[in-house]
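If you check TrEMBL, you get these features:
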| type | residues | note |
| --- | --- | --- |
| BINDING | B:ASP16, B:ASP17, B:SER47, B:ASN104 | divalent metal cation binding site |
| DOMAIN | B:11-197 | domain 'Survival protein SurE-like phosphatase/nucleotidase' |
There are 2 protein chains.
Amino acid sequence: MSIAKADKPIILVTNDDGVTAPGIRNLVESIKDLGTVLVVSPDKPQSGMGHAITIGQPLRMQRVHNFGDDVEAWQTTGTPVDCVKLAVDKLLHRKPDICISGINHGPNHSINVIYSGTMSAAMEAAIEGIPSVGFSLLDHGIDADFSAAQKVARKIVQLVLGMETEKHFLLNVNIPAIPHEMLAGMKVCRQAYAKYDENFDERKDPRGSSYYWLTGEFINMDEKTDTDVWALENNYVSVVPVSIDFTNYKLKNQLDEQWQETL
Amino acid sequence: MSIAKADKPIILVTNDDGVTAPGIRNLVESIKDLGTVLVVSPDKPQSGMGHAITIGQPLRMQRVHNFGDDVEAWQTTGTPVDCVKLAVDKLLHRKPDICISGINHGPNHSINVIYSGTMSAAMEAAIEGIPSVGFSLLDHGIDADFSAAQKVARKIVQLVLGMETEKHFLLNVNIPAIPHEMLAGMKVCRQAYAKYDENFDERKDPRGSSYYWLTGEFINMDEKTDTDVWALENNYVSVVPVSIDFTNYKLKNQLDEQWQETL
């Protein structure tokens with residue numbers, strides 16, 4: 001990276017909707033005076049890519065100029081996770097001070113953290129020890145109003161840059177699609193237990209063979225009030241701290257007693 | 001599914017190496033007398049797909065006969081996660097009694113749980129409330145010896161089918177590439193903290209443009225003896241119970257005090 005200034009934090013920005021999405025443009029605009037910004041983002045939409053990485057084919061990077069002259073930006077042929085790896089290893093040659101991902105067009109609350117390319121990019125950075133935040137707006141529309149989300153993102157980036165973060169600091173932030181003055185505040189939450197009730201839409205091609213479109217209805221199975229789904233339904237910005245240790249310690253303790261050395 | 005027998009458990013088998021991989025054939029052989037087996041697997045290798053789902057294009061399924069006349073098997077154009085969704089929604093029309101994924105060609109211990117298509121398929125089933133296990137052998141070779149892994153997989157499937165499992169029961173099982181009689185036993189572990197030190201291999205195409213192959217060295221940052229990496233290094237089969245709740249509760253408690261309603 002050629003334009004880093006030593007006295008300013010380096011802010012790595014990525015997303016999963018691709019480098020031309022309004023969400024990432026709004027995110028960059030909201031924080032670009034807070035540090036030196038590097039954008040590394042997929043060259044096409046990558047929603048639903050989860051934590052996919054590209055190992056069967058090589059990657060390419062191309063300089064782009066979508067964000068004005070003061071923001072260095074690259075598009076890559078890879079996934080959101082690939083973008084973070086390329087940014088750190090090939091462009092920055094160091095860890096940025098923060099990695100932010102988004103602003104996603106659509107929600108990534110509850111179980112969506114698992115499917116989301118937005119959150120996977122942020123998680124990849126957190127594995128590397130980079131404080132990371134994924135931002136999502138509860139509006140899928142290409143003409144969504146990002147003005148409240150911009151204020152929220154700026155506020156949270158300022159908070160994170162100003163604090164001592166733990167080694168693997170990762171937040172999943174979702175923002176209701178309402179004007180900023182209607183937001184009830186920010187709520188630190190746990191991930192709601194929710195799932196999708198799949199319903200493949202079966203169709204016939206012109207030759208009579210079946211094909212299937214994945215559809216599904218979101219089902220919140222969690223009635224408690226400390227979840228991200230509850231917070232969003234009540235006009236709060238939801239902030240879920242996310243772990244990179246997936247161990248189920250409760251089940252580990254149970255099986256420890258029953259299964260140890262039973263081969 | 002046409003061949004289900006009411007008195008036998010239904011065992012859904014999938015993987016990420018594709019329906020023709022030796023690993024899934026060995027897995028099916030090891031357990032097919034324990035229940036009615038349905039195989040739904042990708043039609044091509046999908047390693048490193050993480051929890052990707054296919055939303056931008058439709059999916060297709062095709063009946064295959066790789067596993068003999070007594071095992072119903074399908075290949076799909078989707079990811080490992082898509083395979084589980086298709087199996088439950090379009091083929092079984094009910095939850096199987098267990099979902100097993102693998103046997104993966106290569107390790108999925110420690111942080112690999114995040115990148116692994118094998119584990120993502122199992123995780124998808126666990127989200128649905130299906131007891132699930134991913135199996136991986138520490139040998140990438142196409143001619144790997146699966147005989148010890150077969151015995152381990154059979155034992156664990158029997159254990160899981162015989163117990164009362166919690167709602168989201170999910171195990172990540174890795175098996176050392178050594179003969180069965182050399183295995184020290186089975187160890188219930190936590191996920192080691194480890195990462196990949198990325199190093200993109202930069203090359204020039206015939207027109208002089210750069211492209212990059214993702215490579216990386218595995219680094220175990222975790223010296224403790226209760227991890228999967230330690231267990232495997234000491235000839236144990238590692239069993240890590242995996243959570244589908246990614247909330248970082250420790251960080252949640254910290255931020256709860258500092259960040260609540262600070263917008």
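Backbone N, Cα and C define each Cβ position, glycine as well.
Fewest Cβ neighbours within 10 Å among the binding-site residues B:SER47, B:ASN104: that distinction goes to B:SER47. When the neighbouring Cβ atoms lying within 10 Å are counted for each of the binding-site residues (B:ASP16, B:ASP17), the highest count belongs to B:ASP16.
Per-residue confidence over the domain 'Survival protein SurE-like phosphatase/nucleotidase' (B:11-197) averages 93 (mean pLDDT, predicted model). Chain A comes close to B:SER47, taken from the binding-site residues B:ASP16, B:ASP17, B:SER47, B:ASN104 by a C-beta to C-beta distance under 8 angstroms. Other than B:ASP16, B:ASP17, B:SER47, B:ASN104, the residues of this chain whose Cβ falls within 8 Å of the Cβ centroid of the divalent metal cation site are, in sequence order, B:ASN15, B:GLY18, B:ALA21, B:GLY23, B:PRO45, B:GLN46, B:PRO80, B:GLY102, B:HIS105, B:GLY106, B:SER116, B:GLY117, B:THR118. In this structure, B:ASP16 (divalent metal cation binding site) belongs to neither helix nor strand by DSSP; it is coil. Secondary structure from DSSP puts B:SER47 (divalent metal cation binding site) in coil.
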